[in-house]
C-alpha cells in the first residue's frame with residue numbers, strides 16, 4: 001500500500017485538466033445529495049417532490065387540495081420500473097412555461113421571499129432526471145390553468161449537457177369541464193420492498209396529520225413480502241378524507257428585511273434599482289424601513305439622502321451595508337409565513353392518533369438573520385395513541401430508554417422522515433436532554449407524541465434532500481419554549497389524573513370498611529336495644545359515607561386550583 | 001391562524017412567475033448546504049476546502065505535502081473579519097485557468113474517475129463567494145507550476161448573476177527559486193470562539209493522523225475566552241512534522257466500469273464516440289470489457305458487432321444498456337483508489353494518541369454500483385490515549401454509556417467531524433449496536449479509539465458539505481467486517497493481558513504465604529534439631545517457590561496458544 005518517495009515519478013508532467021459542468025450535469029452526477037441515493041429512496045423522494053409541488057399549487061393559492069398519488073409497476077417485463085403519477089387540482093402551469101419549468105435545472109418559481117414547501121426548485125427535475133437515466137422514459141405532464149380553456153400535454157426530458165428541455169410530443173385539448181390542475185407522470189427504476197412502502201405511506205399519513213383540509217389518495221402495489229411483481233398484482237389504496245374546510249392563511253410575498261440581505265444582495269439590488277434617490281431606494285425595496293429609518297441609516301453611512309443609487313461606489317455601498325447592520329429594526333413581518341395553527345394541529349393529531357390528551361401551541365413570529373420563522377408544536381398522550389403510531393415512529397422508539405418520545409418533524413408543512421438524530425428538533429426533545437421523566441413526571445413506560453413544525457421563508461435544511469434542520473440558535477430556543485409549554489400542560493393533566501385515581505382508590509377502600517367501623521362504634525352505646533344499636537350503626541354508616549364523599553370533593557377542589 | 005374557505009379570493013388571478021438561476025446564484029442562496037451555515041462554521045469550512053485542495057495538489061501527484069494554514073483577524077476595526085490563507089508546495093495551477101477555476105461555479109478538475117478529497121469542485125468557490133458577500137473582499141491567489149518560470153497573481157471575485165470571474169488585478173513575477181505551489185487567500189466574516197478553534201484544530205490534528213507524510217502548520221488567533229480581538233493579539237501555532245517519507249500509492253485515472261454507468265451516460269458517450277464499430281466502442285471505453293465480453297453483450301442485445309455506434313437508435317441503446325446490466329463483470333479496478341495502508345494508519349495513531357495497543361487493517365477492494373471502494377480501519381486502546389483525545393471525540397463520548405467509542409471518521413482521507421450520529425460508520429460501531437461489552441470483553445469504563453477510512457471514486461456523502469456518509473449496504477458490510485476483525489484482535493490482547501495479571505496476582509499471594517506454609521510443613525519433621533528444621537523450612541520454601549514459578553510459566557504458555 002505504500003511506496004518509497006524516491007520511486008515517485010517527477011511531477012513536472014502533472015497538469016490538471018479543467019471543465020465546466022452544466023447545472024443538470026452537476027445534480028445528475030450527485031443525485032444522492034438531493035435524496036436520490038438508491039432505487040428505494042428515489043421512489044420515496046419522487047413521490048415527495050411531486051406531492052409537495054401539488055400542495056404548493058393548491059393550498060398556497062387558497063384551494064382545498066385534492067391530491068391523487070399512484071405508484072404502479074410499468075409492466076411485468078420490467079418488474080423494477082415504476083410509474084409515479086401525481087394529480088392535483090392546483091392553479092396549473094401556463095403551457096409556454098412547462099418545458100423550461102421541468103426541463104431546466106435551477107429554473108423555478110420557488111425563488112421568492114415566501115414560505116413554500118419547495119425551496120430549491122430542484123426536486124421534480126431530479127425525479128425526471130432519475131427516470132431518464134434509469135429507464136430512459138421521458139416525463140409526461142398534463143396541465144391546465146383555471147383561466148385557460150385548454151388542457152396541455154408535454155412529453156419531454158432534459159438535455160443534461162445543455163441544461164435545456166427536449167420536447168418529444170406536445171398537444172392541447174379543448175376543456176369540457178372547469179378542471180384545472182396538473183398531472184405529472186414519471187417512470188423510474190425503483191425497489192418495492194417493505195421499507196419503501198412504509199416510508200411512502202408514513203410520508204402521506206404525516207402529511208395528512210398536518211393538512212386535515214386536504215383530500216389525499218395513495219394507490220400503490222400491495223407489498224406481499226416478495227420483491228418481484230407479476231403482471232396483474234393487487235394494489236393497496238389509502239385515503240385521507242378532508243376533515244375540515246379551514247385553510248391556513250396563505251403566505252404573502254413581501255420585500256426582504258434589511259437584516260436578511262448580504263452585501264452582494266445590496267449591490268445587486270442597487271444595480272437593478274430604478275429609484276432616483278438612495279433614500280427612496282431604501283424605503284421602496286425593504287420592509288421595516290420608513291423615512292426616519294432611511295435617514296438614520298444614510299447619516300451613519302455618511303451618504304446624502306438624494307444621491308442616485310447607481311452612482312455609489314463600492315466603498316460607499318460597503319459603508320451603507322455596515323450602517324444597515326448597525327441600526328435596529330422591527331423584526332421581520334410574518335406575512336410571508338403560513339403556520340398551520342393550533343386548531344388544525346389538534347384536529348390532525350386527534351384524527352390520526354386518537355389519543356387521550358392532545359394540545360398544541362403556535363409561538364409568536366421570530367427571526368434569524370432577517371428570515372422570519374414561526375415554531376408550532378403539538379403533543380399527544382395516552383388513549384389509542386401507541387396502536388396508531390406509524391412504522392417510522394416505532395423504529396425510532398425502539399432505540400430509546402423510556403419515557404418514549406415519538407417525534408413528528410415538519411418544516412414548511414413537509415414531514416421530515418430521514419436523519420432524525422441529526423436534526424435540531426431531536427436535539428431538543430430527545431429523552432436524554434429533555435427531562436421528561438423528572439421535570440415532567442412521565443413514567444418510564446409512557447409514550448408521548450411530539451409534533452414540531454418550523455415555518456420559515458428560509459428553512460435551514462442541512463441538504464437539498466430536505467431531511468434535517470441545521471442548528472440555528474434562535475430556532476432552537478423557540479422549539480424548546482414550545483415543547484416545554486406543552487410538556488407543562490401535559491404534566492398538569494397527568495398529575496391531576498393520578499391524584500383523582502388515588503383519591504378514588506382511597507375512597508373505595510374507606511367505603512369498604514365503613515360498615516365494619518360503624519358496627520364497632522355502635523358498640524360503645526350502652527343501654528340500648530339491639531334494634532336501636534342497629535339503627536345507630538346505620539346512621540353512623542351514612543354519616544361516615546357523607547364525610548368520605550365530602551372529603552373526596554375537597555380533594556377534587558384542591559386539585560382544581 | 002385559520003380562515004373559512006368561503007373567504008378565499010378566487011384563485012383565477014394566480015399565475016406563478018418563473019426565473020432561471022445561475023449555478024453561482026443557486027449555491028450563493030443555499031450556502032448552508034455546502035457547510036457555510038454560520039460565521040463559525042464558515043471559517044471551519046473555508047480552512048477545510050483550501051487544505052483539501054492543497055493535499056489534492058501534492059500527495060495525489062507524488063509530492064510530500066508542506067501545508068501552512070494561517071487564520072488572522074483582518075484589522076481591529078473589523079474584529080470579525082478573518083483572513084484565511086493556505087500555502088502548499090503542490091503542482092500549481094496554470095495561469096490561464098486560474099480565473100475560471102476560482103470564479104466559475106461547477107468549473108473544476110474534480111470531475112474525473114479518480115479518488116480525490118474534493119468531489120464537487122465547489123468548496124473553494126463557496127469560500128470565495130462567502131467572503132465576497134460578507135466582507136466584499138475579493139479572493140487573492142499566487143500560483144506557479146513547476147514547469148513555469150513565473151509566479152502568477154490574481155485578485156478576483158465571482159459575478160454571481162453571470163457565473164463568471166471578475167478580475168480586479170493580475171500580475172506575474174520571474175521565479176528566483178524552484179518554488180511551485182499555490183497560496184490562496186480569502187477574507188470572510190467569521191466568529192472566533194472556542195468551538196471554532198476546537199473544530200479547526202481538531203480537523204488539522206485528524207488530518208495529521210491520517211497523513212503522517214505531511215508537514216502541516218496551523219497559525220490561528222489565540223483564543224483567550226473573549227470574542228472580540230484587539231489589534232495586536234497573540235497567535236497560537238500548531239505544527240505537525242512529517243514522520244515518514246512513505247506516500248500512499250497515488251490514484252490512477254481509469255475508464256468507468258460497465259456497472260457504474262447509467263443509460264444517460266451510455267447515450268452521451270456513444271454520441272461522443274469516435275469508434276467505428278459498437279464492439280470497438282465497448283472495448284475502448286470501459287474497463288473489464290474484452291473482446292469476448294463485448295460480443296456476449298451485443299449478442300444478448302441483438303446488435304451486430306460492426307454497427308456504427310452513431311447509428312444506434314434509442315431502442316437499441318436501451319437494449320444494449322439492459323444487456324450490459326444483465327451480464328457478469330470482474331469487479332471494478334482499484335487503480336483509481338489510494339488507500340492509506342495499515343502501516344501509515346498505525347504510525348498515525350501511535351504518533352498522535354500514544355496508546356498501549358494499536359492495530360489496523362486494509363480490506364480488499366469492493367464496489368457498489370460500479371464504484372470501487374476500499375474500507376480501512378484502525379483501533380487504539382489504553383496507554384496515554386484518553387489524555388490525547390481531541391475535544392470533539394470527548395464531546396461525543398460524553399453522550400455514551402460505556403464502553404466508550406471515540407470514532408475517527410475519514411472519507412478519501414478527509415476527517416469528518418459533523419453529523420457523526422447520522423453517519424453509516426457510527427451506525428455500525430456505536431456501543432448500542434456493536435457488542436463491545438459482551439462479545440469483545442471491554443469493561444464499561446474502557447475507552448477505544450476506532451478509525452474508519454472509506455476510499456472511493458464516489459463517496460456517497462449525504463450532502464455537498466461532505467460531513468456524513470449515506471447508508472450503502474456494500475460499504476456497511478465492509479466497515480462491519482473491518483471493525484469486527486480489529487475488535488477480535490483487541491479482545492485477544494485484552495484477555496491475554498487480564499490472564500497474565502490474574503496469574504501474577506495469584507503468584508504474589510502464593511509467595512506471600514510460602515514462608516508460613518513452609519514453617520508449618522517443617523513441623524511435621526520429628527526428631528530434628530531446630531537448626532535442621534530451619535534448614536528444612538528454607539529448602540521447602542525454595543521448592544515451593546520453584547513450583548509456583550513453574551505453575552505461572554505454564555499459565556503463560558497456555559495463554560500463548
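In case you wondered, yes, glycine gets a Cβ from its N, Cα and C as well.
No curator has checked TrEMBL annotations; they are predicted automatically.
Annotated ATP binding site per TrEMBL: B:53, B:88, B:109, B:110, B:118, B:119, B:120, B:121, B:122, B:123, B:124, B:125, B:466, in sequence order. According to TrEMBL, the feature coiled coil maps to B:469-496. Annotated domain 'Histidine kinase/HSP90-like ATPase' per TrEMBL: B:41-126, in sequence order. Sequence annotations record features per position, and here TrEMBL assigns domain 'DNA topoisomerase VI subunit B transducer' to B:332-506.
The structure, with features from TrEMBL marked on it.
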residue: B:53; record: ATP binding site; CB count, 10 Å: 25
residue: B:118; record: ATP binding site; CB count, 10 Å: 20
residue: B:122; record: ATP binding site; CB count, 10 Å: 25
residue: B:124; record: ATP binding site; CB count, 10 Å: 22
residue: B:466; record: ATP binding site; CB count, 10 Å: 27
Revision key, fill the gap. For the domain 'Histidine kinase/HSP90-like ATPase' (B:41-126), the averaged pLDDT of the predicted model is 87
Review point. According to DSSP, how is the domain 'Histidine kinase/HSP90-like ATPase' (B:41-126) divided among helix, strand and coil residues?
Key: 31 helix, 18 strand, 37 coil
